[in-house]
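Working notes for the structure below.
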């Protein structure tokens with residue numbers, strides 16, 4: 001371990017030497033740039049653009065370009081980046097992460113690589129965690145870019161597609177991580193090219209990169225639509241049932257936070273719902289509702305996992321920031337189960353139309369960089385997942401903060417009494433205090449105790465984060481006491497008021513350790529910015545969540561040896577601090593493994609999504625007749641149908657192929673079984689294709705306007721692709737939920753998911769081509785299709801395409817008892833739901 005640590009330190013030192021050398025080159029231009037007039041300095045931007053177009057690389061332009069931004073910052077903002085900030089900027093340009101302490105000027109540091117990369121004209125995205133920071137940084141730093149002749153855009157959720165497109169077309173675009181992700185998904189759902197807003201993803205610089213790429217890595221961005229459902233009553237009934245249970249009726253696994261019915265619980269469920277066997281196949285849906293009701297009532301906690309808004313809506317609380325996540329909903333029916341639990345209106349379930357995780361969203365950028373004050377603990381994950389190094393940048397001034405050893409108390413009550421006593425004593429001295437909590441519930445509890453103790457204070461949590469910046473800015477004033485949920489207010493500096501330095505600076509008090517050391521370090525880092533004095537102190541108890549779930553046997557043995565008879569006994573020990581950090585490392589390792597596994601699953605979806613979206617984009621951007629593509633689909637559909645009967649009896653095969661042709665390609669009288677008898681497979685395929693082509697030409701001939709033909713082709717393909725892709729996403733979700741059980745059969749769930757997912761994707765492609773073929777060949781193409789498509793392409797789709805009645809005869813005995821996903825007996829090779837089952841299923 002010592003050797004590994006020594007190697008890491010030596011590598012960091014070597015990297016800093018290289019950075020220092022480049023930064024000195026930037027310094028060497030300082031006097032030259034200072035001597036230039038404003039006009040001459042501003043003229044550097046078009047000069048750099050021309051040199052870049054003539055073959056100079058951004059690396060070659062870096063020293064001079066950084067020096068230009070540095071001088072411009074001094075003239076426009078009155079701020080001049082330090083030498084260490086130049087080093088941080090170089091790291092950002094190289095697509096890595098400079099670890100810069102709180103207050104070291106990360107926002108100003110970013111101006112240099114952002115300007116340099118904007119010279120290429122390919123676009124730079126500066127990503128922040130909320131719209132307040134995007135607007136603030138774009139407004140402040142945008143003055144420098146605008147002065148230097150670059151355009152700056154702000155991408156906000158409330159903006160129209162036109163305004164978003166304008167923002168993305170700017171040289172530099174400020175946006176939140178969520179909005180960039182949703183815009184990407186929405187761009188891949190539009191029907192017309194002019195409705196797309198983003199350019200190709202070039203360079204992203206992510207502020208608070210650990211929050212976005214680590215803490216929220218598993219969070220999927222989901223675009224979904226409502227599904228008409230009358231199942232709300234089942235949510236309510238399941239909720240009423242689980243509320244009748246005793247603690248013996250269910251089993252909770254605390255470390256994994258999972259829950260299930262015990263044997264007595266199963267008996268009660270069968271009696272309550274009048275069932276013979278709860279786990280019969282026909283009760284699968286009901287067990288899903290019961291499982292969600294159990295989780296909602298006994299795992300998900302009010303004011304910790306979610307809050308109830310004044311509008312009677314369930315809002316998710318971000319476990320890492322303490323903020324409510326507007327617009328987000330728990331998936332798979334859990335959100336509805338919580339709504340039933342809290343007796344608020346139950347909203348309809350939704351169907352996923354598109355989804356992506358932040359991991360895969362940001363890996364699509366040509367170059368990705370990020371800034372944070374606490375990235376070193378997650379270095380392995382940044383390197384393995386995102387191919388980004390974490391390089392600690394020295395502080396401009398030495399850190400003066402004093403970090404005290406943890407204090408451990410036997411109970412939560414004794415711990416909180418000690419916290420309140422400490423806060424009150426410091427308040428009376430005038431020293432500002434920032435109290436960090438992990439949950440909204442804890443911040444409210446401490447607030448009540450401080451009110452009782454007569455200590456005035458501000459509370460910053462998920463319930464009032466809209467004014468967090470103002471509260472945080474005042475947290476360093478003399479006598480200020482601020483309670484903040486976790487890292488709420490991150491991104492806003494706490495500046496010390498007059499006379500506070502003499503009192504010891506800002507004191508940060510942590511009311512418990514977080515699962516991640518990084519989050520604890522972020523809380524500590526709010527104090528002692530830019531060489532200011534400060535203190536940090538963590539208070540722990542044996543009843544804390546981390547201690548209960550992951551406290552080591554060694555900690556317990558040590559505590560048993562100590563006399564903890566008195567409730568207010570306190571233990572202060574470096575060994576204890578080391579043991580707690582050891583527990584945190586184990587949790588971090590578990591969380592990393594989980595995120596890595598999520599990525600392995602999501603990579604299957606990523607590969608398939610990229611294929612679908614690339615093909616979709618080709619269709620949208622096409623300005624030519626898509627006939628060759630459609631003819632290819634017809635040919636492959638015929639091939640699949642004929643090949644599906646290659647081993648069947650010739651007469652049976654001929655009948656099945658004719659049934660397929662009549663249902664998907666031709667009029668009933670256009671093909672007979674006798675015509676196919678005696679023909680080889682290749683000849684049958686050729687015959688069907690020739691006749692199908694004739695029908696295709698007749699259909700297209702109804703559209704005399706070439707533009708109308710292209711519009712019709714596009715809408716047809718996109719409509720089918722989008723419907724099938726939405727179904728496929730749901731199917732993959734179901735597969736992912738079920739494939740874990742295969743581990744019990746000694747099969748690797750991820751390998752099973754990959755192979756099964758690939759097979760399902762192949763089936764989906766076949767279904768897309770079959771649906772396009774059948775709709776194209778059987779559609780009634782109306783007169784209005786000769787007109788140019790209307791402004792709303794989706795409306796046009798409804799006008800242009802109305803499938804003819806396709807003879808299905810589902811009442812025929814041969815179709816009785818066929819399941820949705822079984823092969824259709826007609827011989828098409830398609831699933832029943834996509835063929836003769838389509839009508840009855842609808």
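Each Cβ is built from the backbone N, Cα and C atoms, and glycine gets one as well.
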Same-site residue for ATP (record: Swiss-Prot; known: 103, 104, 105, 106, 107, 493; options: 85, 470): 85
Conformational class of residue 104 (ATP binding site) under the three-state DSSP mapping: coil
Among 85, 107, the most crowded of the binding-site residues [Cβ within 10 Å]: 85
Local backbone state of residue 493 (ATP binding site), from DSSP in three classes: coil
Count of other CB atoms lying within 10 Å of the CB belonging to residue 106 (ATP binding site): 21
Cβ neighbour count (within 10 Å, all chains shown) around residue 105 (ATP binding site): 19
Tertiary neighbours of residue 104 (ATP binding site) (same chain, Cβ under 8 Å, six or more apart): 84, 85, 88, 373, 393, 395, 396, 529, 530
Extra residues within 8 Å (Cβ to Cβ centroid of 85, 103, 104, 105, 106, 107, 493), ATP: 100, 102, 108, 109
Other C-beta atoms that fall within 10 angstroms of the C-beta of residue 103 (ATP binding site): 21
